[in-house]
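The structure appears right after this line, and notes come after that.
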Amino acid sequence: MEAPLVSLDEEFEDIRPSCTEEPEEKPQCLYGTSPHHLEDPSLSELENFSSEIISFKSMEDLVNEFDEKLNVCFRNYNAKTESLAPVKNQLQIQEEEETLRDEEVWDALTDNYIPSLSEDWRDPNIEALNGNSSDIEIHEKEEEEFNEKSENDSGINEEPLLTADQVIEEIEEMMQNSPDPEEEEEVLEEEDGGEISSQADSVLLQEMQALTQTFNNNWSYEGLRHMSGSELTELLDRVEGAIRDFSEELVHQLARRDELEFEKEVKNSFITVLIEVQNKQREQRELMKKRRKEKGLSLQSNRIEKGSQMPLKRFSMEGISNILQSGIRQTFGSSGADRQYLNTVIPYEKKSSPPSVEDLQMLTNILFAMKEDNEKVPTLLTDYILKVLCPT
């Protein structure tokens, strides 16, 4: 099969008139090659390629000529190619490197790509790990963002359950950070009392320091021996007075510690009973939902059965008794496993000051009675309303 012929006359119509030949001079081309000739004789054959292109050639001839051109170009590896692609001098390269070293932008860009000395770059696995590290980090960040969005949308992002001590500490911090404008005078009085107590403590500390100095200086056999009787009696009076003062302060601090411990126990018991009541209320709600579903299914089945059977009587004694029993249960409370006082609502008035220990004790008793479904709930609730919410 003959190879197809290729005509290049149409492509080079604009090139032919550009060359003007003179009888005595060499041809001059306006669009041709560069005016200077290649110095290397091995590369001089490239100048004749432009003249050979303008002819009828087949595809096979073009391929062969292309191979010849490649052979001519890569035949002599020692040929000088500075005229084709000039190479920079070593001095120019050093100057460019020095200027790049002084550039802050270049340093900031290249510092992130410095290889670590601990890694062996000859290991083929290192390149794969380093290449995929950024992709893995990006994928992890995208997963975290997606999980956060899904949690926020679905309401899963709930706060963790806190212990009773943590809840009490948070309540105390909230109460401390919310001052009461109505009790500013009491706060000022307490501050004055605190200042007085701090002053008394400072006085006691000063007396104690003075006594320790005298003890260190004089409480030796020789020091006491050289002291007079009046000095000894004065020192004895000072020691006895300091002992009395320190004993009173110790008793006061111990009483304060007992009060704080009792208050902490009351708060812990209040939080514990409150959590137990909330859990039981949640269980009761779930149980009521299940009962409603079962009741709805039973009603549907009864309707289907009644529809299939013809009613003989419009009213019966059994139906009337069932209606009366259901009405009594709804009026006076349900019997059995249903709790009557568990869902009792306790009225509470939010104040700027924290509830006192007595108030917490009353609330704890009400919650404990609600948990046990005790009949004392109405009585305790009435006492709480009369003594705390509406005192006479």
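Just so it is clear, glycine is given a Cβ too, placed from its N, Cα and C backbone atoms.
Looking at the stretches 1-36, 289-324, 325-360, the one that Swiss-Prot records under the feature region 'Disordered' is 1-36.
It is 175-196, from the ranges 131-152, 175-196, that Swiss-Prot records as region 'Disordered'.
Cross-referencing Ser58, Ser269 with Swiss-Prot, the residue annotated as phosphoserine turns out to be Ser58. Looking only at the modified residues Ser58, Ser298, the densest Cβ neighbourhood within 10 Å occurs at Ser58. Per-residue pLDDT, averaged across the coiled coil (230-298), gives 88. Of the recorded residues, Ser298 (phosphoserine) and Ser58 (phosphoserine) place their C-alpha atoms 94 Å from one another.
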